[in-house]
Amino acid sequence: MDIEDKSSKMHCMKGKHVAIICGVVIAVGLILGLGLGLGLKPEACNPPEDNGLLSTKPPTTSTPNVTNPSGSSVFCSAKNDENGAWTNFRLPNYVQPVHYDLDLTPEMEAEVYTGMVNISIRLEEQTTRHLWLHLRETKITEMPQLRTSSGQVIEIKRCFGYEPQEYVVIEAEEDLRPGNYFLSMKFKGYLNGSLVGFYSTTYGENGKTKYIAATDHEPTDARKSFPCFDEPNKKATYTISITHEHDYEAISNMPVEKTISLDNKWTKTIFKKSVPMSTYLVAWAVHQFKYEERISSRGIPLRVYAQPQQINTTIYAANVTKVVFDYFENYFNMNYSLPKLDKIAIPDFGTGAMENWGLITYRETNLLYDSQESAASNKQRVAAVVAHELVHQWFGNIVTMDWWDDLWLNEGFASFFEFMGVNAKEEKWQMLDQILIDDLLPVLKDDSLVSSHPITVNVSSPDEITSVFDGISYSKGASILRMLEDWISPDHFRAGCQKYLTDHYFKNAKTDDFWKAMEEVSGKPVREVMDTWTRQMGYPVLKVDLNSTVTQQRFLLDPKADPSKPSSQFSYKWNIPVKWKEGNTSSITFYNKSELAGITIMQPSDLPPDSFLKVNKDHVGFYRVNYEPQVWRTLADIMMKDHQNFNLTDRAGFIDDAFALARAGLLKYADALNLTRYLQNETEYIPWQRAVVAVSYIGQMVEDDKALYPKFQRYFGSLVKPIASELKWENDEDHIKSLLRTTVLEFACNMDDPEALGNASLLFKNWTSGISLDVNLRLLVYRFGMQNSGDEQAWNYMFEKYRTATLAQEKEKLLYGLASVKNITLLNRFLNCIKNTTLIRSQDVFTVLRYISFNSYGKTMAWDWVRLNWEYLVKRYTLNDRNLGRLISRISGTFNTELQLWQMENFFERYPDAGAGEASRKQALETTKSNIEWLKQYRDDVATWLENSEQPNFV
């Protein structure tokens, strides 16, 4: 009896949902058994013989005597002592670190490291006998030492770990009065078993296993690497030294001051003293990589490090770095503040990239680009992530948010400016418009859920801090900055950014500090307006009536949700700069939240009678717009006659708004679907990309409906056919056209277009025969070729290609192909591979599970595997891992049955501790309930419209 079966009777008796659940549990169990082999011996992953690329582990080597701890004793053991202020989550204000001398010695092959830190501390105002700072997992190996600024030793009475707040507490024998002190601590940590803190990973080079060790500290993992005051406003300077074997090199935030050869095996690299910085930005790496270098216009060396065999893949990132670096120095009117800037591609990296000051770390897919192996989407991803991390060298590093509740001051700004940065390098990529489909429109969906949260949100635990690294902080933050820039003007916005950076140089800041800078340069009530966007969740939908009167209400995807919950200090009313256009006239009419009757847009009197009032021109505002039904129908006719009456961002916005409004019950699906008729004439990437996303929700909901889904496929297949036939299964050098081609051919395949699927299968067959594929078609061919014609032989061939591929972007495409097979046995084998770290890196586990969940055969299998292996995942990644926290919401987005909802609630009851996934769980539940209601409310409306569309006289 499996885990689920043990509790199924109890939950059936609760009568939570529908009576038939209990009746189908046995049948479902049989189905799950087919999918996962429950009750049967699961098929092994059967990894091939080790070729030395990843798993071979050489013998342990000796450590130099310089920092080797005496013996193996552990000091400062954990105690449950709650008789002090160390029970508080936040560090006390009266203790300030001033400088860290940090010395580290990693044993690469033994996967351990030792270290010593000497912290200069300033004690302000208060007298105390206790000091505490952060430390997690890493062990103290000698009793800490405390000295006054004059060198006098202060006896330590005791030290202990307080695990609930991840502190090590030191108690002195005498009172510590205000003044300066030096705290010294020796410690030992482990490089294996994690992708956070100071950790190591391996890669293959000429059949040998190579090691690299690097750091990832944001948000609360510096404390895993070394004892520190691990809060962003505890800025200090650092002098870092690393002792390593001769055949390794070390890099850190600052340039090398000097290197010292200790003996015939060990070298000590000492780095220059840093500027004041937060703990989460402290970084170093020990490696055997090579680099590509560019020099900025001011003479700053810009290096990109990668494995020696991949050094040619760093050229594009190096070129982007130089252009974007120079662009931001000019835009912000502020020089980059360090003497050098390095970037390094880590073979196994838990996040996309990390903006460490002077040493930016990346997942390989986000830094390395090969023109012979990488697609246009990969190229754009590299450019965007490089630009994003460069923004942080100003927003985040020079000026850092005071606390994590203002994370958006880092991530929202980087997400906004990255589009400007890429645009400076690639002017033909429509990047200033692509923010619409990459950030604004996707996050409108997230922020329409009751389980959303404000941009500025209280956080009081590492899990809560981790959880706010989400679309609200990043994409909503970027979107409201775009709206602000448009309202106060680009020149004022730029001047405000420059003032903010200057006023808080090397310091910490809060959201109000940014509003203040913007108010001073623009003369507008920025704080009064923008607080309504940052201090309450959600956004409005503006209703435009036939008299051009505009009213607002909170937009919620669930029409049954209470729009007043949870409570908001602004009662879910917003101050809105409403941008509009009619004819050749464009303007902004301000909508104050106190205007309860709404506002009226005053249009010019000389407009032509057939002009259309477009509210939210360029979709620059963070809100949706709803018109009267007859206006939507008029709009559909205008778009059919000449869709270029509206620019491509407006066309994308119309489609996205219409389908969101229909899903929320504010517009009939007939009117939303009616708007899509014009797509047969659409030739631009941005509108097509958003149209596919908008209508695909319907497809996902009715995919198992044998009567309705074919009609859905026929209708939308007919719309995509013209552009798919025009673009063909061949490629050219045009970047935007490549993105368009991938989008429409993928949609054509999903609509079961015979020609598209035939081409995918033919190219797939050619590929399995050794014929190379165009880089921009590979993902499509791998997915749909495997889906429609892949057998075990083809799957094994692809798996071998994955195993031997060296470029991470190609490996990721092959993972998607492997996950697309319509064979339960092979999918089960693939799931079993997840636990084999030789075959699937830790960074890729959640990617594999998501890809399998996209497969109609694999959706249930991925969900079942996660539930059965949850304890394994928690042990491997911890509940603080943001990717684990989001996993369930990412694989359950299309769940739409009472059984799936029951399974989810059952699972959450069994494992109530969500860690960083608390908000994600709420989102998953809300989305599943919404999907169930959608089928009840709108399935028949969609069916009626699609049936009518097949009639000969349909117009």
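Each Cβ is built from the backbone N, Cα and C atoms, and glycine gets one as well.
Residues annotated as topological domain 'Cytoplasmic' in Swiss-Prot: 1-17.
Residues annotated as topological domain 'Extracellular' in Swiss-Prot, with sequence analysis given as evidence: 39-955.
The compositional bias 'Low complexity' feature in Swiss-Prot is assigned to 55-69.
The annotation N-linked glycosylation site is assigned in Swiss-Prot to Asn65 (among others).
Annotated N-linked glycosylation site per Swiss-Prot: Asn118 (among others), in sequence order. The DSSP secondary structure for Asn118 (N-linked glycosylation site) is strand. The Cβ of Asn118 (N-linked glycosylation site) has 16 neighbouring Cβ atoms from other residues within 10 Å, across all protein chains displayed.
Annotation comment: Swiss-Prot describes Asp216 as site 'Binds calcium which modulates its enzyme activity', evidence class sequence analysis. Around Asp216 (site 'Binds calcium which modulates its enzyme activity'), the C-beta neighbours below 8 angstroms that are at least 6 residues distant in the chain are Leu195, Val196, Gly197, Tyr199, Phe349, Gly350, Thr351, Met354, Thr361.
Around Asn356 (substrate binding site), the same-chain residues at least 6 positions away in sequence with a Cβ under 8 Å from its Cβ are Thr215, His217, Asn253, Leu281, Val282, Ala283. The annotation substrate binding site is assigned in Swiss-Prot to Glu218, Gly352, Ala353, Met354, Glu355, Asn356, Arg882.
Of all the Cβ atoms in the protein chains shown, 14 others lie within 10 Å of the Cβ of Asn312 (N-linked glycosylation site). Among the features that Swiss-Prot reports, N-linked glycosylation site is placed at Asn312 (among others), with the record citing sequence analysis.
Other Cβ atoms within 10 Å of the Cβ of Asn319 (N-linked glycosylation site) number 17 in total over all chains. Annotated N-linked glycosylation site per Swiss-Prot: Asn319 (among others), in sequence order, evidence recorded as sequence analysis.
The annotation N-linked glycosylation site is assigned in Swiss-Prot to Asn335 (among others). Cβ-based neighbour count (10 Å, all protein chains) for Asn335 (N-linked glycosylation site) stands at 10. In the three-state DSSP scheme, Asn335 (N-linked glycosylation site) is classed as coil.
According to Swiss-Prot, the Zn(2+) binding site annotation covers His388, His392, Glu411, on the basis of sequence analysis. His388 (Zn(2+) binding site) is surrounded by 26 other CB atoms, counting those within 10 A of its CB over all protein chains shown.
Among the features that Swiss-Prot reports, N-linked glycosylation site is placed at Asn547 (among others). For Asn547 (N-linked glycosylation site), other Cβ atoms within 10 Å of its Cβ number 8.
Annotation note: Asn584 (N-linked glycosylation site) sits in a coil segment as assigned by DSSP. Here Swiss-Prot flags Asn584 (among others) as N-linked glycosylation site, drawing on sequence analysis.
Using a 10 Å radius centred on the Cβ of Asn647 (N-linked glycosylation site) and all shown protein chains, the other Cβ atoms total 18. In the three-state DSSP assignment, the secondary structure recorded for Asn647 (N-linked glycosylation site) is coil. Here Swiss-Prot flags Asn647 (among others) as N-linked glycosylation site.
Residues or ranges marked as N-linked glycosylation site by Swiss-Prot: Asn681 (among others). Here the Cβ of Asn681 (N-linked glycosylation site) has 15 other Cβ atoms within 10 Å, regardless of which shown protein chain they belong to.
Asn766 (N-linked glycosylation site) is surrounded by 14 other CB atoms, counting those within 10 A of its CB over all protein chains shown. The feature N-linked glycosylation site is assigned by Swiss-Prot to Asn766 (among others), with sequence analysis given as support.
Of the recorded residues, His392 (Zn(2+) binding site) and Asn584 (N-linked glycosylation site) place their C-alpha atoms 39 Å from one another.
You'll find the Cα of Asn836 (N-linked glycosylation site) roughly 24 Å from the Cα of Ala353 (substrate binding site). Between the candidate glycosylation sites, Asn823, Asn836, the densest Cβ environment within 10 Å is the one around Asn823. Here Glu411 (Zn(2+) binding site) is compared against the glycosylation sites Asn118, Asn312, Asn335, Asn584, and the shortest C-alpha distance is to Asn335. Residue environment of His392 (Zn(2+) binding site) contains 24 other Cβ atoms, counted within 10 Å of its Cβ in all protein chains.
Straight-line distance linking the Cα atoms of Glu355 (substrate binding site) and His388 (Zn(2+) binding site), rounded to a whole number, equals 9 Å. Neighbour list (Glu218 (substrate binding site), Cβ cut-off 8 Å, at least 6 residues apart, same chain): Tyr280, Leu281, Thr351, Met354. Distance noted between the C-alpha atoms of Asn823 (N-linked glycosylation site) and Asn118 (N-linked glycosylation site) is 58 Å. Taking CA atoms as the reference points, Asn335 (N-linked glycosylation site) and His388 (Zn(2+) binding site) are 17 Å apart. Using the Cβ center of His388, His392, Glu411 for Zn(2+), the list of other same-chain residues with Cβ within 8 Å runs, in sequence order, Glu355, Glu389, Val391, Phe395, Gly396, Asn410, Phe413, Ala414, Ser415, Glu418, Tyr474. When Cα-Cα distances from Asn319 (N-linked glycosylation site) are compared across the recorded positions Ala353, Asn547, Asn584, Asn681, the shortest belongs to Ala353.
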